[in-house]
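Per Swiss-Prot, the features are as follows:
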REGION    17-80  region 'Disordered'
MOD_RES   S41  phosphoserine
COMPBIAS  61-72  compositional bias 'Polar residues'
MOD_RES   K66  N6-acetyllysine
MOD_RES   T70  phosphothreonine
MOD_RES   S72  phosphoserine
MOD_RES   S92  phosphoserine
MOD_RES   T106  phosphothreonine
MOD_RES   S153  phosphoserine
MOD_RES   T157  phosphothreonine
MOD_RES   S161  phosphoserine
REPEAT    182-221  repeat 'WD 1'
REPEAT    224-263  repeat 'WD 2'
REPEAT    266-303  repeat 'WD 3'
REPEAT    307-346  repeat 'WD 4'
REPEAT    353-395  repeat 'WD 5'
REPEAT    397-438  repeat 'WD 6'
REPEAT    441-480  repeat 'WD 7'
CROSSLNK  K485  ubiquitin cross-link
CROSSLNK  K490  ubiquitin cross-link
Amino acid sequence: MAQFAFESDLHSLLQLDAPIPNAPPARWQRKAKEAAGPAPSPMRAANRSHSAGRTPGRTPGKSSSKVQTTPSKPGGDRYIPHRSAAQMEVASFLLSKENQPENSQTPTKKEHQKAWALNLNGFDVEEAKILRLSGKPQNAPEGYQNRLKVLYSQKATPGSSRKTCRYIPSLPDRILDAPEIRNDYYLNLVDWSSGNVLAVALDNSVYLWSASSGDILQLLQMEQPGEYISSVAWIKEGNYLAVGTSSAEVQLWDVQQQKRLRNMTSHSARVGSLSWNSYILSSGSRSGHIHHHDVRVAEHHVATLSGHSQEVCGLRWAPDGRHLASGGNDNLVNVWPSAPGEGGWVPLQTFTQHQGAVKAVAWCPWQSNVLATGGGTSDRHIRIWNVCSGACLSAVDAHSQVCSILWSPHYKELISGHGFAQNQLVIWKYPTMAKVAELKGHTSRVLSLTMSPDGATVASAAADETLRLWRCFELDPARRREREKASAAKSSLIHQGIR
């Protein structure tokens, strides 16, 4: 009997389906116990009695199936500016400036300060915004670079404003013969008038080529043997042509009448450079002197500028007529005022960084205080200057002699003509001075460049006795229509003002 009881106990212990007395309750047991609810404790009863007076937030027993999401737009209860879009230094300057008394400044000084701010900061400080009503960073000005590039890269450029590479023909549009053109680096032998007439000096003669009709006319020929034409320059209106000669003369010709109006003699050596400023004609000589001629009066010689020790081969008046830039064989670049100061005719700036003769001199059409210069074989550099501060904004090694520089207002670019070894024309993007394109075709060094009145075509005269026309700045149809509309609106306003 005892053996049977032992076997029965052992069998019951070995059964796996029997309930375990000390095991935790199963899930269904816990759910059933929670549904039945525990006995109310004194603390819970007190809590229920305290909250019984509140109005229920929603219908009892109704579960909310709507999931609360973050609103897509801010509530708009307050404005918190983004620090990345706030120019804190400019804001501090503008706020502190309000408490300072205004100093009486001349218009010239104010304009100089505005030009400095534009070149150093990329924007005018007086027109800067302290805080912006948007968290997106503002677009940088075209071509402007600074160390905080990340602020400008956060905003994607709109598709409509993205620039695509334009097509630049690698071959000239037309090639003209230029026999007996003088292979002299220091002369300026071509110029394009506002009437679309190209003047070319070939040894002792001056020829006129009409780009509209294709007609060619010989304007003049030197009478004495051994004499030659050393420079030509059109007046802004395009009806008079100034001619410099190897015999130290400056002649003034009426192109319509094909008649010489006057012969001005004041230099002691050949006149290799000419530049107009309204009725003032400036001429640079091999002696290193620059003469101002008032073509309206009999006593034409009104001023002499002495700032070079060797030949003046580059001479350009600024578009606004306030400054005259001169480059010489003494490696100097001088910037002269339009009127003498207290000390007489003294250069405002003198740049000495070039290591070779400076013939290429060109003013920026849209920034009157920016000047581009290029050096000869010993220098081979293109430099951009701020003539107000005297700072060199940029310098690029062109790897060859720089013979001429022109600005393109359509595309904010420069084009330069070069000598040995490739004799090419190079287009540069301003102000980064990145190389855009190279135009090759000349077999000898480029001597001079000039631009058509519409700014689309560049003519290059070279020592290979050819004159090549490059349509490298032609506007696309959309931009051409915009410019035509703007010019038409401007002319209509002028007519209304005249009435």
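Positions of Cβ are set from backbone N, Cα and C atoms, glycine also.
Averaged over the repeat 'WD 6' (397-438), the predicted model has a pLDDT of 96. Highest Cβ pair count under 8 Å relative to the repeat 'WD 5' (353-395), across stretches 182-221, 224-263, 266-303, 441-480: 182-221. Long-range contacts of the repeat 'WD 6' (397-438) within its own chain (CB-CB distance under 8 A, at least 6 residues past either end) are made by residues 142-145, 166, 168, 170, 185, 356, 359-366, 372-377, 379-382, 384, 444-451, 455-456, 458, 460, 462, 464, 470, 472-473, 475, 479. All chains included, 11 other C-beta atoms sit within 10 angstroms of the C-beta of S92 (phosphoserine). DSSP assigns S92 (phosphoserine) to a helical segment in the three-state reduction. Across the repeat 'WD 5' (353-395), DSSP helix (H, G, I), strand (E, B) and coil residues number 0 helix, 23 strand, 20 coil. Residue counts for the repeat 'WD 7' (441-480) by DSSP state, with H, G and I taken as helix and E and B as strand, are 4 helix, 16 strand, 20 coil.
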